[in-house]
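Undergrad: Annotations per TrEMBL:
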| type | residues | note |
| --- | --- | --- |
| BINDING | Cys121, Cys126, Cys132, Ser366 | [4Fe-4S] cluster 1 binding site |
| BINDING | Cys151, Cys155, Cys158 | [4Fe-4S] cluster 2 binding site |
| DOMAIN | 136-355 | domain 'Radical SAM core' |
Amino acid sequence: MFVSSTRSIKFISSKSFSTSTKLLNSLNTSINRDDSNHNSEPQVITRRRKVTRFSDDLNKGPSFDDFISGRAKDMLIDPLEAARKDPNARLPKWLKVPIPKGKSFHQVKNDVKELKLATVCEEAKCPNIGECWGGKKSEATATIMLMGDTCTRGCRFCSVKTNRKPAALDPMEPINTAEAISRWGLGYVVLTTVDRDDLPDGGAAHLSESVKQIKEKSPNTLIEVLSGDFRGDLNSVQTLANSPLDVFAHNVETVEDLTPHVRDRRATYRQSLKVLENAKLNNNHILTKTSIMLGFGESDEQIMQTLKDLRNINVDVVTFGQYMRPTKRHMKVVEYVTPEKFDYWRDVALDLGFLYCASGPLVRSSYKAGEAYIENVIRKRKRNVGVSREIEIGDEEFISKDILQKASNK
């Protein structure tokens, strides 16, 4: 009896499923009608929010997985490139630059490609590449990236790939880099690097060895190293500062109050000051240099305090540039600072005693690092002759008031 009942139930279920569904739907409809007769409260219909254009654009942007895999570099939004292609792009006229061209530029570009060098100039699509790569080779400046292209940190302004465990260091990189530079005949080279918190010394020994190898093959080439903060490890700072480099650079990036919002949480304003201060204490023959981006919403008072903090630890060179948002997932630009304001901060920096200040909307930390004035300072310090009194910026000449005052007191 049980078996036959079960079979009949199975038979009915398999053959009459669609009919049963219709009956249930009809029953639910009648119940809802009965309930509506007894319930006088109106039903609230929730409508789905219409997808906006902003949502569409945001969804088209790179995701976190894109940054990890490296696909984000093909999805970057370059405001300068967009301005060249779209005349209606919302970008101030002073940020629009012509496409680099000329015999010297293409010659240097071909050399870089032939020697298989990774340069920040090309990787970051720097707007000043035409200037820095212009002229003779001995006057050219290139920024070479060492220790890979993947950073262990994630600053909110930077588009460099991030990963907790980047690829291992190439032990042949110092030798290969030195060989390439010696063949190219650069007068001034900038070595930059990502942060490598995965390494015990942050890569200080690797950078130091790279500097030594370059100096052995190209003793007349001036070397600037733009380093990270080594997590505040002063022993690593000492290792790099005591190598035969000429300029120790480390960027504070922004004012103290905005640092937690702009930089990775492992990078602090005070930690950066300690790095710059200890580099000078370990080797007072080198120049120390830093860079500040404007456009995050900083106030004049905050910028002034930052400059005073830098002078208190004897930083020699400072640069100012406009922050440009690399992708829609990065910090927004709060303000496009005018060229006149950049001129103002250059004058303020020189008044405070900085030996040199490059300041302008398109200036980057390595912008014209091999400027004649900086080279003169370095070479004359080595000969114990003194420093050059004139600073040439563009087509105008600016006299460092600090240097003139010292000269007049003699």
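Note: Cβ is positioned from N, Cα and C throughout, glycine not excepted.
Just so you know, TrEMBL annotations never went through curation; they're auto-generated.
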Undergrad: For Cys158 ([4Fe-4S] cluster 2 binding site), which residues in the same chain are close in space, meaning a Cβ under 8 Å from its Cβ, but six or more apart along the sequence?
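TA: Set apart from Cys158 ([4Fe-4S] cluster 2 binding site) by at least 6 residues yet with Cβ under 8 Å, we have Cys151, Pro326, His330.
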Undergrad: Given the [4Fe-4S] cluster 2 site residues Cys151, Cys155, Cys158, which other residues of that chain have a Cβ within 8 Å of the mean position of their Cβ atoms, reported in sequence order?
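TA: Leaving out the recorded residues gives Arg153, Gly154, Phe157, Ser159, Val160, Thr162, Val194, Asp195, Asp264.
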Undergrad: Specify the count of other C-beta atoms within 10 Å of the C-beta of Cys155 ([4Fe-4S] cluster 2 binding site).
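TA: If we count other Cβ atoms within 10 Å of Cys155 ([4Fe-4S] cluster 2 binding site), we arrive at 19.
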Undergrad: So how many other Cβ atoms are close to Cys151 ([4Fe-4S] cluster 2 binding site), meaning within 10 Å of its Cβ?
TA: 21
Undergrad: What is the pLDDT of the domain 'Radical SAM core' (136-355) when averaged and given as a whole number?
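TA: PLDDT averaged over the stretch: 90.
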Undergrad: Kindly assign Cys151 ([4Fe-4S] cluster 2 binding site) to one of the three DSSP-derived states: helix, strand or coil.
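TA: Its secondary structure by DSSP: strand.
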